[in-house]
Amino acid sequence: QEHAYPADELMPLTCRGRVRGQEPSRGDVDDALGKFSLTLIDTLDTLVVLNKTKEFEEAVKKVIKDVNLDNDIVVSVFETNIRVLGGLLGGHSVAIMLKEKGEYMQWYNGELLHMAKELGYKLLPAFNTTSGLPYPRVNLKFGVKHPEARTGTETDTCTACAGTLILEFAALSRFTGTSVFEEYARKALDFIWEKRQRSSNLVGVTINIHTGDWVRKDSGVGAGIDSYYEYLLKAYVLLGDDSFLERFNTHYDAIMRYISQPPLLLDVHIHKPMLNARTWMDSLLAFFPGLQVLKGDIRPAIETHEMLYQVIKKHNFLPEAFTTDFRVHWAQHPLRPEFAESTYFLYKATGDPYYLEVGKTLIENLNKYARVPCGFAAMKDVRTGSHEDRMDSFFLAEMFKYLYLLFADKEDMIFDIEDYIFTTEAHLLPLWLSTTNQTISKKNTTTEYTELDDSNFDWTCPNTQILFPNDPLFAQSIREPLKNVVDKSCPRGISRAEENLGSGPKPPLRARDFMASNPEHLEILKKMGVSLIHLKDGRVQLVQHAVQAASSLDAEDGLRFMQEMIELSSQQQKEQQLPPRAVQIVSHPFFGRVVLTAGPAQFGMDLSKHKAGTRGFVATIKPYNGCSEITNPEAVKDKIALVQRGQCMFAEKARNIQKAGAIGGIVIDDNEGSSSDTAPLFQMAGDGKNTDDITIPMLFLFNKEGNIILDAIWEYEAVEVLLSDKAKDRATIFKGKMIPNYIIDSNLEMENMDQKSSENDSHKQNSEEEATSATQDIVAVSEEPEEGESSDVADPDTLSPAHADSDSISISNQDSHVAGTDEANAQEPACTQEDHQPQEQKTETESNSKVNWDNKVQPMESILADWNEDIEAFEMMERDEL
């Protein structure tokens, strides 16, 4: 409210609201923003769960008074349904509950429901297709077909996008008595069911909304499909229609038969379900253990959850995607709540206090690595600890809710949470809707069920309170074999060549041995379904179609070959590159919470070899471009100099500031609005001469990140930063210094909670292709562009992997979706002991009342000054508290 209202989202690094059209476009991610105060609506029922009833009442009045749903803006049907329509319905559900209790909301007369109905009608034009599947986007003011709608030309949508409507639309129909909403949502679900692949009973990721043809034929439980399965089971729970349970059970049998490879969940092809479609998993599948708990299948839920927890312990957060040997594939983490959701449900099912410890770890990591002065910032790269100026609405709608409920006792709640079902956005819908306004005939439209011999498929919902009443060690016995599944040495599976050692078959072709001029190698590629294409620019491109392989084993070899080729070319590229660096603001009031992604230099101090980094206060030089002798050396001496990009070589700038006495330098891009969010990082190259004389560290920040430091100087004057290879633990930064308790406190600051706390979605990207790597390509730049000239940065899409015999091999994979060259850049380099040890967890959090002191005695004046600064910082943080 203080920094962002009435914007849709908070930008926690720059402490302002994200308004669509006023910030650089982020592509499809921005389709969730509709200028309707998204975060406020999405968080309404969270306030009641947290027992913030007065704040809830004020928030509802703000929504009624300020929110406009008739904006000329194109939004995602899926995101608007689960976040806004779901938020309004969840708010209405708890509002009428509070009104019935007689203390709060006595004035409420269904205003949120009226807004929900208005929004429902605005979404209905999207369903104007012959199939009944909705268009993926709709204009809130003009619909789909109107000339000014600027949408309606799409042909595809994701399965989850079309199949995650029934709870909200049915609830809207049951609340209002208007059946049209539930009818449209049911028709969409019926169509997806009829179009399932009949031999495997699986569905693909994307489908043509006009013909019903599967566009992407890979199938899993993660991005693009996830909440479709979730809503089939929950629709049965909420609406009591047996056909939804029958469909879910049929799909679930197929999932456990083909996709589940405990503890992994791997995508497969719907037509050839024994063939894996990719070698990595996305973070959205973390919801699945929670769904398995609701279904009553606890063992695989415990196994997958434990595997995910081991990945989190290795990287502090769950990377957006990771490989089957648990290396980072996509490095960003937008504070997704799915793992917390599954943790909550597993604790409800087992009562095992282990899951409270898991929750505590989540809270500590959020406080330690994601918390910034204005909120919680998404992780741009879990490996470096750098932040992104982003806090999605689902963080407050779901993460806070599930973490609070994990630790809350019944007496902490002002209502019985068991009377409600959670939507995929964790909004609360009352179970009594199943018997209200049943305007839809329960005609069973489901046909051709598979006979399933599985006792798990009883048509009853498990009572989570009595699943394991006499066996508290049940979950532990399942977890124990998996405690080392994510090993520090990057465990490697046994190859087929090793399995067949001595049994006769020739080992498959390895990427390191491949030669494009060898006819035998080309024949092997053809057998593996790999095609070789000669491009006009002289490069050679490899493309794999697994369906064209001679056999499933050959297709598997082809997948392995493509992955090896990607890793080989990526590794060779990285030999010529340096990884991104970090600029961490450590002074008041940031205290290490703000981490900026920085580009390295090919000269000066190598921060990877100086683990302590370089720490100092920043100073702006004169002249700002640093291309001549510094005229204010007294201001720069023993400081880290801020230098503007342009007009001379990077090395020349470094020499000038080093001569002035600077201990380091940060070059800030002069291109207004540039950001590491949208542009590839690059190395600052030398000037063609010997640069051994440059001994200070030099880092590069784009304009947006640089302005964060400049704004901090303007507001606080003295700004101290740490230049390092990756972000440091704040306990390490302040070792030997007095740290305010609220900095090292591992618990979120919630009223009436000491060890308890609260802080997606299926957001569920329309496909995993929409998730982009947070690790940027780093391109060497040899010289500064003159004013008016364009930068000499190569387009990363034109870079060719460096490979011994085929310098010009580029790699793509269509059917099997193995990462291409750019994706490979997002993967971790070869594992090292150092790379994969969890960041050091200091034990200061265990005794907040104790303070570590230096061996040297501090003067009393210095101690008092430190205390005053801590008190001021604490007061500021209190004002900024969400």
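Every residue, even glycine, has its Cβ placed from backbone N, Cα and C.
Feature list (source: TrEMBL):
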type     : residues : note
ACT_SITE : E79      : active site, proton donor
ACT_SITE : D226     : active site
ACT_SITE : E320     : active site, proton donor
ACT_SITE : E338     : active site
BINDING  : T424     : Ca(2+) binding site
COMPBIAS : 753-767  : compositional bias 'Basic and acidic residues'
COMPBIAS : 783-795  : compositional bias 'Acidic residues'
COMPBIAS : 833-847  : compositional bias 'Basic and acidic residues'
DOMAIN   : 621-708  : domain 'PA'
REGION   : 753-857  : region 'Disordered'
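A map of TrEMBL features onto the structure.
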residue: E79; record: active site, proton donor; Cβ neighbours (10 Å): 27
residue: D226; record: active site; Cβ neighbours (10 Å): 30
residue: E320; record: active site, proton donor; Cβ neighbours (10 Å): 26
residue: E338; record: active site; Cβ neighbours (10 Å): 29
residue: T424; record: Ca(2+) binding site; Cβ neighbours (10 Å): 30
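Nearest neighbour of E79 (active site, proton donor) by Cα distance, taken over the recorded positions D226, E320, E338, T424: T424. Here the Cα atom of E338 (active site) is found 11 Å from that of D226 (active site). Averaged over the domain 'PA' (621-708), the predicted model reaches a pLDDT of 89. Counting in whole angstrom, E320 (active site, proton donor) lies 15 from D226 (active site) by their C-alpha atoms.
Across the domain 'PA' (621-708), the DSSP tally of helix, strand and coil residues reads 20 helix, 17 strand, 51 coil. A Cα-Cα distance of 10 Å separates T424 (Ca(2+) binding site) from D226 (active site).
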